[in-house]
Amino acid sequence: MRSTLIPILTLALLVGSFFYAGKAQSVNSIITPSLYDKMLPHRNQFYTYDAFIKAANAFPQFGTTGDAATRKKELAAFFGQTSHETTGGWPNAPDGPYAWGYSFIEEQKKTDPPYYGRGPIQLTHKYNYEQAAKSPAIKADLINNPNLVSSDPVIAFKTAIWFWMTPQSAKPSCHDVMTGKWTPSATDKAAGRMPGYGLTTNIINGGEECNKGEIASVTDRIGFYKRYCNMFGVSYGDNIDCKNQKPYNA
């Protein structure tokens, strides 16, 4: 009896440890409902916590790669960038300008209709809608019905996470940058493109915002990122701006 019981107990402990480790790495173990509310106190109610978690779970590597600090830093970067894209803040806003992420669902000055900016990342242009629609995690007809990104909160979050996780042309994915999986080439180094939050700005909107010194939009992106890092208790890391980085299309 004892010789049978010990292996069973050992197996139970191993299974329990595996379950706990998996649970500890999940996004909802870092961003709880109460923390989500503190992060986005003035958000549009379209952006629900449950929609975010459901979308995050569709991308198993998102927010679960690396040690605890790396996972938290990636999530801070994701929310930093998407909060800037959807901000409704202003300098003297209640609770400060960086408490107003996720205020808008659609682009205020619509460009390239009907494929104008929608959702947390403000997905824009037909080619992005086409590529996002092909993702196994999304599987929605975004070409004939782009309004799905502004009417279905799970799809909205999925398009943002898809963009975050997907490398495009010469650009690495924001995910790989923030989790240390990207190594700059000689060309990247010559262009000042080094790992850090600043490179995610370059990936998202480098042609408009990078290699231009101190500009308000980059400062805003950094402000959101710092706020979330502070809330998660992690450092900002190096290269958080892109003022000396050449954009990829230069």
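Every residue, even glycine, has its Cβ placed from backbone N, Cα and C.
Annotations in TrEMBL come from automatic prediction, not curation.
Per TrEMBL, the cysteine from Cys174, Cys242 that shares a disulfide bond with Cys210 is Cys242. For the domain 'Glycoside hydrolase family 19 catalytic' (155-165), the model gives a mean pLDDT of 98. Tertiary neighbourhood of the domain 'Glycoside hydrolase family 19 catalytic' (155-165): same-chain residues 46-47, 51-52, 54-56, 58-59, 61-62, 78, 82, 105, 118-121, 123, 128, 132, 135, 137-138, 140, 142, 148-149, 173-175, selected by CB-CB distance under 8 Å and a gap of 6+ residues from either end. Taking CA atoms as the reference points, Cys242 (disulfide bond) and Glu85 (active site, proton donor) are 17 Å apart. In this structure, the recorded positions under consideration are Glu85, Cys210, Cys242, and the one with the smallest number of other Cβ atoms within 10 Å of its Cβ is Glu85.
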